[in-house]
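> Sharing a structure, written as structure tokens. Questions coming.
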């Protein structure tokens, strides 16, 4: 019986040792698993930090990319503005050069006209000098159509007391040579405009009408007391003239031109070859 108890005691001890070993193995396994868990948690935290870092870097890169895109857009807009400004300046430069060329051509044309007028005036003066010694008086005849508001008295035309327009012509018709004609107005102060001129031989003036009416606009050259000159259209004005002031006109059939005297400077106008004095 003692031996039996000893055997049971030994079995109990072995069982206890085995349970102790199993417990120790379980603890070791627990510790190992805890270490594994800690390592896994550590790696998880590291992965999270790396992911957060990558996300932060991605955000920074996106911000930098957006900034570079904005900078590129701004540079593109500035480049476009610079190109537009360059084109605008080029257009202005071209316009300025064109205007400069036009001004130069106008100046050259004006200079040529001045030279031509000086030559014509010189020729006129020479022609006048040549004919002075052989000048002959011409008997004039005032042509006063029926119905005109006034009457003639020798080489004078006397207007009635109305304010109607009166335009008369004077014969003879001049088709060659150089003719000087002179006129004086009286009692026209404050009574509207008045003037002298020259007309094509085909013109017939009607009562109550000015010299440019009835299709006579292109057939007359008119010099009014306010200094205005007209032939088809308005011409550069001269000085005006007054009543009791002698106003002369020289007609040169060869040059087909007329020169008015009485106010400085004289005025030139080109005319048809057949005209009335």
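Glycine is no exception: its Cβ is also placed from the backbone N, Cα and C atoms.
TrEMBL entries are annotated by machine, without manual review.
Annotations for this protein, taken from TrEMBL, read as follows:
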type: REGION; residues: 1-109; note: region 'Disordered'
type: COMPBIAS; residues: 1-34; note: compositional bias 'Basic and acidic residues'
type: COMPBIAS; residues: 41-90; note: compositional bias 'Basic and acidic residues'
type: COMPBIAS; residues: 97-108; note: compositional bias 'Basic and acidic residues'
> Work out, from DSSP, the number of helix, strand and coil residues along the compositional bias 'Basic and acidic residues' (41-90).
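Per DSSP, the residues of the compositional bias 'Basic and acidic residues' (41-90) fall into 50 helix, 0 strand, 0 coil.
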> According to DSSP, how is the compositional bias 'Basic and acidic residues' (97-108) divided among helix, strand and coil residues?
12 helix, 0 strand, 0 coil
> Could you tell me how many residues in the compositional bias 'Basic and acidic residues' (1-34) are helical, how many are strand and how many are coil under DSSP?
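Once the DSSP states are binned, the compositional bias 'Basic and acidic residues' (1-34) shows 33 helix, 0 strand, 1 coil.
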